[in-house]
Amino acid sequence: MASKTYTAGVKDYRETYWEPDYKIKDSDLLAVFKVTPQPGVDREEAAAAVAAESSTGTWTTVWTDLLTDLEHYKGRAYKVEDVPGDDEAFYAFIAYPIDLFEEGSIVNVFTSLVGNVFGFKAVRALRLEDVRFPLHFVMTCPGPPNGIQVERDKMNKYGRPLLGCTIKPKLGLSAKNYGRAVYECLRGGLDFTKDDENVNSQPFMRWRDRFEFVMEAIQKAEEETGERKGHYLNVTAPTPEEMYKRAEFAKELGAPIIMHDYITAGFCAHQGLANWCRDNGMLLHIHRAMHAVLDRNPNHGIHFRVLTKILRLMGGDQLHTGTVVGKLEGDRQSTLGWIDLLRKPYIEEDRSRGLFFDQDWGAMPGAFAVASGGIHVWHMPALLSIFGDDAVFQFGGGTLGHPWGNAAGAAANRVALEACVKARNEGRELEKEGKEILTEAAKSSPELKAAMETWKEIKFEFDTVDKLDTAHR
C-alpha cells in the first residue's frame with residue numbers, strides 16, 4: 001500500500017484562498033465580483049470559493065497539488081465590502097498572478113474569470129464588476145487597429161464629433177435601395193452610414209451586392225461634397241473564413257472602414273479581425289449586440305465596463321457605449337466612466353463612476369465612443385456636453401425619419417452639430433442653452449427647423465435598470 005503523502009478530503013476554501021493581508025503586486029490581475037451567496041455561506045468562504053474556482057482550485061484535495069507551487073499560482077480573495085443598499089450581496093476583491101493567463105488572450109482570461117465559477121452552487125448570483133488589467137498584460141494585447149488620431153487623419157475630420165446614421169429599416173431593403181439611402185445620408189452631410197448589427201447576407205440583400213452598391217454611393221457622395229465618407233460594412237459571418245473573405249472584398253473596393261459584432265461573433269474571431277485591420281490599414285467599427293444579455297442584470301453577469309476594457313485590449317476603433325439620453329440602457333455616471341476607459345491613457349479609481357481600480361493603458365491608443373439609439377436633433381447639445389469631440393453620434397431614425405427625406409435629415413443633424421460646437425467653443429453652456437442654440441441655428445436651416453418640430457415631443461424617460469450603487473453616486 002502506498003504511503004499517505006497528503007491529507008485527502010473536501011477543501012476548506014477559506015483556509016487556502018482567503019488572504020486579507022495579501023500585498024497586491026503591480027503584475028497582479030485584479031477583479032471585483034458582486035457575490036450573492038447561498039444562505040448559510042459566510043462572506044469569506046464565498047469569496048475564497050470564487051477565488052479558488054476561477055484559478056487553481058477544485059472541490060477536493062488532489063495529490064498533484066504536490067507537483068506545483070500553489071502559493072505562486074492561486075487566486076487570492078483579499079477583501080470584501082458591503083454593497084450599498086443590498087443586505088445579501090457583497091463585493092469580493094480577488095488578485096490573480098499574471099502567470100495564470102496566456103499573454104494577449106482575452107479568451108483565456110474570461111475562461112477563468114467568468115467560466116465554471118458562474119455555475120458554482122455556493123453562490124446564488126455572481127457578477128464581474130470590474131477588472132484591473134496590469135500593464136504587463138496590456139502590453140501583450142494588440143489594442144485598437146488605428147486609434148482616434150489615426151482615424152481622424154484617415155477621414156480628414158477634426159475639431160468635432162463625427163456624424164453617422166444606421167440605415168433603416170434595418171432589414172428588408174434591396175441592395176440598390178440600400179445604396180440609395182446611403183448616398184442621400186452622406187450627401188446631406190453625414191460622415192458615416194452604417195449596417196445594423198443583424199445585416200449580414202440575407203436573401204433580400206446578399207453581402208457582395210450591398211458592398212458594391214454602398215461603395216458606389218460613397219464615391220458619388222465624396223465627389224459631390226469634397227469630403228471623405230465611409231460606411232460600416234458589416235463583415236460578421238458564420239465562419240472566420242467567410243468573415244475574412246468579406247473583409248478582403250471591402251478592401252478591394254476601397255472601403256475605409258468595416259464593422260463587426262464582437263460579442264455574437266466571438267472573441268477569437270474578433271481579435272483575429274482586429275489584427276487583420278491593423279495589417280491592412282482598415283478602420284474597425286464595433287457593435288455590442290448581445291451585451292445586455294451579459295450586463296443588464298445588476299446581480300449576475302458581466303458589467304459593461306469590463307466588456308469595454310476587453311474590447312480596447314482586443315482591438316476596435318469605435319464602440320457603441322449608449323447615449324444616456326436615448327432609448328437604450330445607460331446610467332450617466334457609469335457611461336462617463338466607460339467612455340474614459342475607452343479613450344484615456346490612464347484612469348484613476350472613481351467609485352462615483354463605478355471604477356473600482358486604476359487602469360493604465362500605457363501607449364495603447366484609445367477608441368471613439370459611439371452614441372446611438374433613439375437620438376435626434378434635440379439631443380445634440382447634451383450629447384456634445386457628455387461625450388465631447390472624440391465620439392460618433394449616430395442618428396438612425398433621427399435622420400431617415402425626417403419628413404423631407406434622408407438628405408434633409410442628415411443636413412439637420414450636421415447644422416445642429418456645427419451650431420453646438422460653435423456655441424461650445426464660444427464658452428456657452430450647452431445643456432442650459434441648448435434650446436436657444438438650436439432655435440437660432442434653425443432660422444437659417446429649414447431642415448433643422450422641420451426636424452425640431454417633428455421630434456419636439458419625443459422623450460425616453462424610463463428609469464435605468466442597472467444603476468450605480470447609491471452610496472457611490
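Backbone N, Cα and C define each Cβ position, glycine as well.
Taken from Swiss-Prot, the feature active site, proton acceptor covers Lys168 (among others), and the record attributes it to sequence analysis. Of all Cβ atoms in the shown protein chains, 16 besides its own fall within 10 Å of the Cβ of Lys168 (active site, proton acceptor). In the three-state DSSP scheme, Lys168 (active site, proton acceptor) falls into the coil class.
Look at Swiss-Prot and you will find His287 (among others) tagged as active site, proton acceptor, backed by sequence analysis. Taking the Cβ of His287 (active site, proton acceptor) as centre and 10 Å as the limit, one finds 28 other Cβ atoms among all the protein chains shown.
Around the Cβ of His320 (substrate binding site), a 10 Å sphere holds 21 further Cβ atoms from the protein chains shown. Annotation source Swiss-Prot lists substrate binding site at Asn116, Thr166, Lys170, Arg288, His320, Ser372.
Annotation comment: Swiss-Prot describes Lys194, Asp196, Glu197 as Mg(2+) binding site. Residues near Asp196 (Mg(2+) binding site) in space but far in sequence (CB under 8 A, at least 6 apart, same chain), listed by position: Thr166, Ile167, Lys168, Lys170, Leu171, Asn234, Gly396.
The annotation N6-carboxylysine is assigned in Swiss-Prot to Lys194. Sequence-distant neighbours of Lys194 (Mg(2+) binding site) (same chain, 6+ residues apart, CB-CB distance under 8 A): Gly164, Cys165, Thr166, Ile167, His231, Tyr232, Met259, His285, Gln394.
Annotation comment: Swiss-Prot describes Lys327 as site 'Transition state stabilizer'.
According to DSSP, Arg288 (substrate binding site) is assigned to coil rather than to any helix or strand.
According to DSSP, Lys194 (Mg(2+) binding site) is assigned to a strand segment.
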